[in-house]
Amino acid sequence: MTIAIGKSEQKRGLFDVADDWLRRDRFVFVGWSGLLLLPCAYFALGGWLTGTTFVTSWYTHGLASSYLEGCNFLTAAVSTPPNCMGHSLLLLWGPEAQSDFTRWCQLGGLWTFVALHGSFGLIGFMLRQFEIARAVKIRPYNAIAFSGPIAVFVSVFLIYPLGQAGWFFAPSFGVAAIFRFILFFQGFHNWTLNPFHMMGVAGILGAALLCAIHGATVENTLFEDGDGANTFRAFNPTQAEETYSMVTANRFWSQIFGVAFSNKRWLHFFMLFVPVTGLWMSALGVVGLALNLRAYDFVSQEIRAAEDPEFETFYTKNNLLNEGIRAWMAAQDQPHERLVFPEEVLPRGNAL
């Protein structure tokens, strides 16, 4: 006689069922992060496509900004709310739009909709990288690297306008609109002479250089022991051996520069560190601009240029350009302020 003794199956809660379904191995992983990422990305992209296709910026900026009005991909945009709206979230059911969708679009409600859903969508994408890295048991450096673009997006589209008078001063979501915002940053904040911008440029361009050098070096030192017709068929994806020779690469760059990375860990960490640090420095600089912190000022050159008509430097010439940007842009962008600049404040020659 055989007696089978077993434990009764524990009752599974709703959380366990949801966890199993969300983290199931499927073609497109959903995960808990997907609950944030997927709806937010859908709404942000949908709001942007809706705005650039149908919605005018006549009521907020006095501009045409949609395909319906004759714009193209480079000139269409979802524009920021008008200056009078301040930092209102412009909820569809709020006191401004009062659940009127047309009025909500006219007031710039799509911009806050896209900005907020876009921010949470980017955060959801970073959490997705954390979640999948944990599931497949690898380090989470991809997610850490993606914090750089998130920091830049949040600082430019949310923190900067929060430090200014309203969402009006944030960039609109469009190609030409972003270019105009860059000119605005230069004219009103002298952004190119800001040390944080300099660090950001060094990080991004330095990363591009590192990426090009690294890719070329790996291609140059591939082992030719495969039978395939090209690089992509020559190796088994699960091979145990190295694909390229680090020793040969080290010898090459030692001869070129006199120094070279001695191991792959330091090399690849450096390639991670340079662009991410550049992005974070840029984000910190924009946070400073939100508080109206100034860039470098070389006052001695300004005073001498004002006193001596024959003295000029590239710095003083750029200052005149910035003054011109401010004089033209302020009156154009803020007609409601009725800004009238007297002749003596407009740029003339090299007199500051």
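Backbone N, Cα and C atoms are what each Cβ position is placed from, and that goes for glycine too.
Taken from Swiss-Prot, the feature chlorophyll a ChlzD2 binding site covers His117. Marked as pheophytin a binding site by Swiss-Prot: Gln129, Asn142. The annotation chlorophyll a PD2 binding site is assigned in Swiss-Prot to His197. As annotated by Swiss-Prot, Fe cation binding site applies to His214, His268. The plastoquinone binding site feature in Swiss-Prot is assigned to His214, Phe261; the stated evidence is sequence analysis. Swiss-Prot lists Thr2 with the feature phosphothreonine. The N-acetylthreonine feature in Swiss-Prot is assigned to Thr2. Feature annotation from Swiss-Prot assigns transmembrane segment to 40-60, 124-140, 152-165, 207-227, 278-294; the stated evidence is sequence analysis.
A map of Swiss-Prot features onto the structure.
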residue : record                            : contacts (Cβ under 8 Å, 6+ apart)
His117  : chlorophyll a ChlzD2 binding site : Cys40, Ala41, Phe43, Ala44, Gly47
Gln129  : pheophytin a binding site         : Pro140, Asn142, Ala143, Phe146
His197  : chlorophyll a PD2 binding site    : Trp191, Ser282, Gly285, Ala295
His214  : Fe cation binding site            : Leu267, Met271
Phe261  : plastoquinone binding site        : Asn250, Trp253, Leu267, Phe270
His268  : Fe cation binding site            : none
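For the transmembrane segment (152-165), the partner stretch with the most Cβ pairs below 8 Å, chosen from 40-60, 124-140, 207-227, 278-294, is 278-294. Long-range contacts of the transmembrane segment (124-140) within the same chain: residues 23, 29, 31-34, 36-38, 40-41, 146-147, 150, each at least 6 residues beyond the stretch ends and with a Cβ under 8 Å from a Cβ of the stretch.
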